[in-house]
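Accompanying notes for the structure given below.
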Amino acid sequence: MGDQKLRRELMNLSGMKELIRKSLEARKFAYCPYSKFRVGAALLTHDGTVFTGCNVENACFNLGICAERTAISKAVSEGCRDFKAIAIASDMCEHFISPCGGCRQFMREFGANWDVYLSKPDGSYVEMTVEELLPASFGPEDLKMKKVNIRNEF
Ligand SMILES: O=c1ccn([C@H]2C[C@H](O)[C@@H](CO)O2)c(=O)[nH]1
Ligand SMILES: [Zn+2]
């Protein structure tokens with residue numbers, strides 16, 4: 001964990017603002033006829049590519065997908081997994097949008113020490129890491145332990 005923290009590269013201010021602008025832009029494509037709660041995301045990879053996403057709801061309510069997961073799935077399905085930052089935008093002026101628990105775990109799959117910008121429509125934001133949003137997390141490394149001998153468990 002310590003090593004990962006050292007490797008974290010901070011982004012410059014104009015880069016952050018541009019990513020937030022793209023998440024605000026992506027929010028416009030939100031398909032949210034049920035909640036009417038638009039969310040946009042813009043995901044930056046280490047090679048500089050940006051994948052955007054919006055929430056996509058469904059008449060079968062529990063099938064809806066969040067903006068963050070849309071963006072991450074777009075990136076992974078195009079061969080990109082090396083994430084630097086994700087910006088998230090909604091229409092809430094009073095609060096910074098904050099990702100749901102499922103999206104935090106989805107982000108965590110691809111590392112704990114990359115940046116998440118929680119924004120407001122005026123472009124203001126707070127910066128957090130995936131680790132800060134999901135402390136003491138369970139990740140892919142935890143599955144790499146030795147297989148237990150199930151017969152010895154009783
Ligand atoms: O960070 C968030 C929070 C909520 N939503 C979506 C899910 C649902 O479509 C709507 C209301 O919860 O907003 C996101 O996409 N991202
Ligand atoms: Zn979510």
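Glycine is no exception: its Cβ is also placed from the backbone N, Cα and C atoms.
In the three-state DSSP reading, CYS66 (Zn(2+) binding site) counts as coil. Annotation comment: TrEMBL describes CYS66, CYS100, CYS103 as Zn(2+) binding site.
GLU68 (active site, proton donor) is surrounded by 27 other CB atoms, counting those within 10 A of its CB over all protein chains shown. Residues or ranges marked as active site, proton donor in TrEMBL: GLU68.
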Beyond the site residues CYS66, CYS100, CYS103: chain residues whose C-beta lies within 8 Å of the centroid, for Zn(2+): ALA67, GLU68, ARG69, PRO99, GLY101, GLY102, ARG104, PHE106
Sparsest Cβ surroundings (other CB atoms within 10 Å) among the binding-site residues CYS66, CYS100, CYS103: CYS100
